[in-house]
Amino acid sequence: MRWRSPRPLLLFLSSFFVLSVGAATDDAGFRICAYNVQKFSATKAKDYRVRHTLTRIVSRCDITLLQEVMSPEAVRPLLASLNRYDEYEYQSVSSKSLGNSPKDMQQYVFIYRADRVNVTGQHQYQKKESFVREPFAVHFQSDKTAIKHFILVPLHTEPRQAVQEIDRLYDVFVEVSKKWNNTNVMFLGDFHASCAYMTRANRKNIRLFSKPGFSWLIGDKVDTTVSDMTSCAYDRIVVHGTPFLKAIKPFSAKVYNFAKEFKLTKAKALAISDHLPVEVRLKSSAPLLQATPLLILLSVSAIVFLSAL
Ligand SMILES: *[C@@H]1O[C@H](CO)[C@@H](O)[C@H](O)[C@H]1NC(C)=O
Ligand SMILES: *[C@@H]1O[C@H](CO)[C@@H](O)[C@H](O)[C@H]1NC(C)=O
């Protein structure tokens, strides 16, 4: 009888311990990011401060879409820096230079962790007079994520025709989902989907709003610009389908204000871009594996508990 009293206390303490450790082992999932690195040239990439900050930003993500890449010479030093910086092996896949003015040719570049995800296909959308920078779709495969096969479709719109270009993403969706027999498609990038370029009234002319199945994960109130003078949700992430939506960590889509996180002045942030990166996290695969430390802990506390009796 006299051993009875400590029991509830022990039980309470051990469950508290399990709960707190459980929270600490909750993994970050699989992060996908998109960043318009305003006129990202070789000269810009050679600037040590810019390269260092960019390395810190990109190294948080399993896949990063860079936009406004002006030259392959800009990506190489960034990749080298990333591969020196942390334990992952980073690789990249790029579109050709896209645009209709020789002075403003841009590439879409995906930088990804080769040990976390495979590139299993690429496709350049080519329909004439549809986009200034036609989306360059990439098919990814990863056994680390709850969704094993997915397609990323980037877009950096021409501001003056943003509404038409965003609407045409639906045509890209039809083409790539047929090509790869996969409707798990994510659209991401600087759509200029806000302020003067896309208003609420424009939505009825955009099939990514009027057709069923598309979820806009970055809301209208989000500010993806660095400047205090503007508050516009230019950069967006949209996913198609319930399977993809279910594979996303709830409320993980957000703007990443690195200036705040790294305690940089606005001027230093603006030296990289007038945009901020946006990101979303996918759930990891194998929930059983993640539960293992918890199970071990549970059994240990049960043994401690029993031996105390
Ligand atoms: C990438 O593909 C290889 C070969 O098919 C496979 O062994 C590996 O597990 C894949 N990596 C991931 C992260 O899914
Ligand atoms: C396409 O995918 C569906 C399910 O994802 C599958 O049942 C079907 O067999 C696939 N079709 C082809 C032609 O591969």
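Note: Cβ is positioned from N, Cα and C throughout, glycine not excepted.
Annotated signal peptide per TrEMBL: 1-23, in sequence order.
Annotated domain 'Endonuclease/exonuclease/phosphatase' per TrEMBL: 34-275, in sequence order.
Taken from TrEMBL, the feature disulfide bond covers CYS195-CYS232. According to its DSSP assignment, CYS195 (disulfide bond) is coil.
As annotated by TrEMBL, transmembrane segment applies to 288-308.
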Handout entry: Position of peak Cβ density within 10 Å, selected from the disulfide-bonded residues CYS195, CYS232
Key = CYS232
Practice task
Grab the pLDDT values for the domain 'Endonuclease/exonuclease/phosphatase' (34-275) and give me their mean, rounded.
Solution key: 97
